[in-house]
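Taken from Swiss-Prot, the feature ADP binding site applies to G148, V149, S150, R151, T152, G153, K154, T155, supported by sequence analysis.
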Amino acid sequence: MRYAFYISDGTALTAEAFGHALLSMFPVNFEHKTLPFIDNQEKANEVCKTIKKAVSDSGEPPLIFHTFVNEKLKAKITDCGGICYDFLDHFIAPVEKELGVKAEPKTHRTHGVHKNYNFRIDAINYALDNDDGKRLNQLDKADLILIGVSRTGKTPTSLYLAMQYGIKVANYPLTDDDDFERLQLPKELKQYRHKLFGLTLSSQRLHEIRSQRREGSQYASMAQCRFELAEVERLYSREAVPFINSTHYSVEEIAAKILAKTNLERHRY
């Protein structure tokens, strides 16, 4: 199997994100290796050995996506037998020309500690404290309240929005015992109607997810899944709650669709 490396003298998050996005367009399997904080010659020498071993093991030069500020370290990595792609070099010159300003590369600037980092930490703590309807007295502080039946992806989506964008997300489970038969929002949520966003998915997918947790139970049965989803979607429509069907989407895609529909402010950079 061919190797793909994501290497940097910083976090390697930028190289990894660009590299994965690019390689996802090709029907080729790769062995992925991310190597962050390669910030001295000794580490670069070890990485070079790893790359050369990958060439030997696979019989093909690995693809190397890198973002180095240190030119000497970059030169070392590009001379190790891989096919290198430097995203920063590719774009810096035309951006410098457009802005009329020379770039001042600095490690850890992209993903360092700054104001928006604190937004993300606060949002993560909020998501953990307000998972599954735990603290209804804090809903006024939410930027967004995700609702849906059990196991529709509310928790991972809440945490992803917090970690990536610094958005405070609470989530509240809708259960057939309390809410569906009346087809109205729980009283705790009514005053926050403008913050609500619903999640749903196919009954088959919900059945599969619940069966992994409680196989053979009424909770996981296809009939129960169909009932809950039909009722909650009727509730969304009646109460004018925006929602998406997340059956075929990753958590990243779900988050992106929510942001597109809600226009929430992102605190990423």
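Backbone N, Cα and C atoms are what each Cβ position is placed from, and that goes for glycine too.
What Swiss-Prot annotates, mapped onto the structure for a quick look.
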residue: G148; record: ADP binding site; CB count, 10 Å: 25
residue: V149; record: ADP binding site; CB count, 10 Å: 26
residue: S150; record: ADP binding site; CB count, 10 Å: 17
residue: R151; record: ADP binding site; CB count, 10 Å: 21
residue: T152; record: ADP binding site; CB count, 10 Å: 28
residue: G153; record: ADP binding site; CB count, 10 Å: 21
residue: K154; record: ADP binding site; CB count, 10 Å: 27
residue: T155; record: ADP binding site; CB count, 10 Å: 18
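Apart from G148, V149, S150, R151, T152, G153, K154, T155, the residues listed for ADP, the same chain places the Cβ atoms of N171, P173, L199 within 8 Å of the centroid of those Cβ atoms.
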